[in-house]
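**Q** Per TrEMBL, the features are:
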{"type": "DOMAIN", "residues": "49-298", "note": "domain 'G-protein coupled receptors family 1 profile'"}
{"type": "TRANSMEM", "residues": "33-59", "note": "transmembrane segment"}
{"type": "TRANSMEM", "residues": "66-89", "note": "transmembrane segment"}
{"type": "TRANSMEM", "residues": "109-128", "note": "transmembrane segment"}
{"type": "TRANSMEM", "residues": "148-172", "note": "transmembrane segment"}
{"type": "TRANSMEM", "residues": "207-233", "note": "transmembrane segment"}
{"type": "TRANSMEM", "residues": "245-269", "note": "transmembrane segment"}
{"type": "TRANSMEM", "residues": "281-300", "note": "transmembrane segment"}
Amino acid sequence: MPCEGCMERDNTSTGATMEFLLLGFSELLCLRVLLFLIFLIVHLVTLAGNMMIFIAVVLEPSRPPMLFFLCQLSAIELCYTLVIVPKALLSLVVVDGSSISFIGCAAQMHLFVALGGAECFLLAAMSYDRYVAICQPLHYAAVMSEGLCLRLALMCCLGAFAVALGLTAAVFRLPFCRSHRINHFFCDVPAVLHLACTQSYTPELPLLAACVLLLLLPFLLILASYVCIAVALSHFTSSAGRGKAFSTCISHLAITVLHYGCATFIYIRPKSSYSPARDKVVSLVYTNITPLMYPLIYSLRNREIRGILGKMLTRKKIAQAN
């Protein structure tokens, strides 16, 4: 039911004329410079770390499936960071918030949800890789073929982009109130839904459906994979072998907990519990700290990544010496 003061969108009020105002951190005027420098440094380090892993894996002639998925994960994180952080930095420069067009806001939301969803699906594919490696080691090379990895990677991206497109279309078909001030530093789904002039929970149904497809379904697949892995490890007679097998899963588990912890807190809850200040803090972690942690976790925990990076540094030193 539209509320008083709502603006029903028609052909003359969409796209070119309608704008939103991203308030960002306008309430923290005295800390703008400090926050800008911190975000900029974190952003540059995140880009450098993911770019280094991406280039290292691409230049490696023989790539096992886990490295192939890790390369795709780094590419997603690079795009993910570039979609969100530049606008967040701009909101710290502009005192009264930065404006974003209707189309720009919709595009940012779609890319954000699509990339986050692709990461969820990719984490499920990586858990399946660990399941095959531990539970079916003799058939690993045959099962996790290059063709299967390519198909899984393509399905992760196409599936996430399709679900994100449906969610974005559903959100931006809603009537919005005359105040188009988004109390956030990017066009996040809960923040935009908060502006919708409706008194029912109907607008939340597309978000609920997207959460089921992008969060719950991959999580159940990951959970099933690790249940099978736990059962297989329980049959290992050697504790050293059990520990060695489990150590190959630690990096994936750490990233899964980080990704799903923040996403669950932000998206799986009713509209009535929306809190702009709290959401912005969690989103800061979700869009800045978490992408920074991924290359650190994999660089420290993955022996193959450490080996590839070591070879890159060695080749660089030889080239400089020559």
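Quick reminder: no glycine exception, Cβ is built from N, Cα and C everywhere.
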**Q** Please indicate, using numbers and ranges, the residues of the same chain that are 6 or more beyond the transmembrane segment (109-128) and have a C-beta under 8 Å from a C-beta there.
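**A** Contacts of the transmembrane segment (109-128) (Cβ under 8 Å, skipping residues fewer than 6 from its ends): 66, 69-70, 72-73, 76-77, 79-80, 83-84, 152-153, 155-157, 159-161, 163-165, 167-168, 171-172, 186-189, 192, 210, 213-215, 217-219, 221-222, 225-226, 252, 255-256, 259-260, 263.
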**Q** Counting CB pairs under 8 Å, which listed stretch among 66-89, 148-172, 207-233, 281-300 touches the transmembrane segment (245-269) the most?
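**A** So the stretch in question is 281-300.
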**Q** Determine which recorded stretch among 33-59, 66-89, 148-172, 207-233 has the most C-beta pairs below 8 angstroms with the transmembrane segment (281-300).
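**A** Comparing 33-59, 66-89, 148-172, 207-233: 33-59 has the most Cβ pairs near the transmembrane segment (281-300).
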**Q** So what's near the transmembrane segment (66-89) in sequence-distant terms, Cβ-Cβ under 8 Å and 6+ beyond its ends?
**A** 22, 24, 36, 39-40, 43, 46-47, 50-51, 53-54, 57-58, 60, 98, 100, 108, 111-112, 115-116, 118-119, 122, 125-126, 129-130, 133, 146, 149, 152-153, 156, 185-186, 255, 287-288, 291, 294-295, 298, 302, 304-305, 308
**Q** Check the domain 'G-protein coupled receptors family 1 profile' (49-298) for me and report the mean pLDDT.
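**A** Averaging the confidence scores along the domain 'G-protein coupled receptors family 1 profile' (49-298) gives 85.
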